[in-house]
Amino acid sequence: MAEDKPKPRPIIRIGLFLISHSLLVSVVCCTAGVLSLLLLPVLGKNTYISENALMPGSARPMLSNDDVSEGERFMNQILRFDTMSTGMEIPEMITAHIMDLGGEVNHHKFLPQFNRFHPLHFFLGPDAGTVPENYSCSSYGINTVGIIRAPRGDGKEAIVLVTPYNSLKITRAEALSMGIAYALFSLLARVTWLSKDIVWLAGDSRHGEYTAVASWLRDYHTASFGDLKHSEICAASNLSEMKTMHNSFRHAGTMAAALVIKVTNRSTEFEKDALTIYAEASNGQMPNLDLINIVNYLAVHGQGYRVKVQKIWSLLNVWWLKSLGQLIEMLGKLAGSLNPQWNFGIPVSEYVECTATLASSLYNQALGVPTGPHGAFRDYQVDAITMEISPKFSSSLNNRQYEILLHVGRLVEGVVRSVNNLLEKFHQSFFLYLLTSPSRFVSVGVYMIAFALLVAPLPLVAASLFSDATKSNPDAEKDKYASKPASTLQPAPTFTSWKWLYAAKQVLVVHLWSAIVTLLPYFVDQIPDSSPTTKLSIWIVLSIITLLFLDSFSGSSFPSTIRSRDTEWILLKSVTVAATFIGLCLMSVINFATAEIGALLLVPMCLTAVPLRLDNKVNTLRALIRGACNVIFIFVGFPVTVFFVLKGALEGFDNMRFGDFWNWAESLWAWNSATYIYMCMVHLPCWVLCIQTLLHRF
């Protein structure tokens, strides 16, 4: 009596069940993933202070009227320098005031950096960029750095205050921010409770705010100074100027946090003065949420500011978003009437505004470009934000500068007190989160659900397609052993499953091509006197030529790369789906926001890709709809199309040019954004392989 075969384990049976019902699982998971993404504003939680040692607002502000008056006089002295001949007037004045307070001071000279595309920049740390060859001594930026040593500290930790200003033409708003920093600096020079050194960086932003901060940080964290040779040449040519310079580079210790203080002339639309917080750094990095929480708490409850974060304003008037908000509000009221504890509904206006803020947070993180000079600190794992103060009227800077100095100074003082209380670095709260408002956030444990649901069908569909392809031609296996004796009809190893190697070879060739496409701009950018439109056109033409060459070199014909059989497109789609799953998962580790947006575009395109000839043969309504969806997904999924759609949604479709995509890609190179790597090495090859599947011939 034959022995019964052992039953597979439960986990294997569940896997086989999911693979056999991959179509149903795909529909359910993708629908649930999109819905969970739309429900994130509802699932957001109120922010809270995780680190008890911060204790924001526990002490009364010490910034006095005398300190504010000193800051106002300091501001007025800066505004007297209408024209800058050497760029040294403001640094010398700041130096004199800091030394009068008993602080240490030094000047940091730097040249403008031109970040040109380089293949290895994406795999290295913060880079110095390229120093221009035709420099002059007048092109130097001069940062002024003041340090107050903490009476209760050991010099191992510091808090950094940054006030960018244009030394060639300073504005009243920039002078006001420097007056705020000086008023606070004069207070902190006298207090006895400091346990961390205070560093005031007056950054010369003639070459850009980020450049001034990044250049100083680079020299602060390295032993060598890249501009030293050029500084010596300038010193020899202008010795009288350099005699007054304090050139010995001074350090204060490990940076616990950094605040960039900026006052703007832009008026706010609210009845209160507004404080806008910018937190996004390179490649989706965010500061510890506690830093944002203490600024928000002290600004709202201490100084009466209206705190804002960026939002996508165009989403506030989208009709379907308002309709969805009304549905959620209605369901929330219904659930609350059944059980008062089921309180998940929010008003329509709040849902729309939270969605616009969430979309902005997701977009800025996915872009991978810092939203302010604070981003330079995150490259060195220092928590930092930019605080931008906007008065309620544009003329308030002239009439209310004393009031602004007082309120902003006390706000920054409160933040410094809280950070000063820390015994260790920020670690209690979240580093991975999305903001839905200044006081609400979505944590990593919640927003990862949407991404997991979107990509969950991909391995199941890949396994299902592979299984279908290996079982689609059983007659061939029978004929293979039909002429053999019965004694030889024993189970023998077959190699039909190795047919997937043909598909894997084609997928490998396309990904090799994508790596070449990633490096092509390095050579295209060397073409002198060429417009962005010309460079983009050359990039596209070279990419197409390279793809055709690699396709012919690999011994296959484009777009059909495997011998025409019914199972070829199935195997090609199976390997494509598996490669897309791996690429999205790897990107989610580097920058989740990029992976989330990429999954929204790639997953539907991969799952629905079927040869158009097959839909044409079936000639049914379902096949017609599927074919139309495939064409739409391919059109929308093209990287250039994605860029123009997002640009039009955010900034409007007016004045859009073809060369804007090159400028956008070039900005990603300059900031070493991993989004560029994803776009070229994950998104683009998947798009090409889906086109090959659609154009497959039988």
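Placement of Cβ uses the backbone N, Cα and C atoms for every residue, glycine included.
According to TrEMBL:
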TRANSMEM  12-40  transmembrane segment
TRANSMEM  444-466  transmembrane segment
REGION    470-489  region 'Disordered'
TRANSMEM  507-524  transmembrane segment
TRANSMEM  536-558  transmembrane segment
TRANSMEM  570-591  transmembrane segment
TRANSMEM  597-614  transmembrane segment
TRANSMEM  623-646  transmembrane segment
TRANSMEM  676-695  transmembrane segment
Thinking of Cβ pairs under 8 Å, which stretch from 12-40, 444-466, 536-558, 597-614, 623-646 has the most of them with the transmembrane segment (676-695)? 597-614
What same-chain residues lie close to the transmembrane segment (597-614): Cβ under 8 Å, and 6 or more beyond its ends? 26, 30, 33-34, 37, 362-363, 366, 451, 454-455, 457-458, 461, 569, 573, 576-577, 580, 584, 587, 623, 626-627, 629-630, 633-634, 636-637, 642, 678, 682-683, 686-687, 690, 693-698
Is it the case that the transmembrane segment (507-524) and the transmembrane segment (444-466) touch, counting contact as three or more CB pairs under 8 Å in which the residues of each pair are 6 or more positions apart? no
Residues of the parent chain within Cβ reach of the transmembrane segment (623-646), under 8 Å, 6 or more residues beyond its termini: 363, 601-602, 604-605, 608-610, 612, 614-616, 656, 660-661, 664, 679, 683-684, 687, 690-691, 694
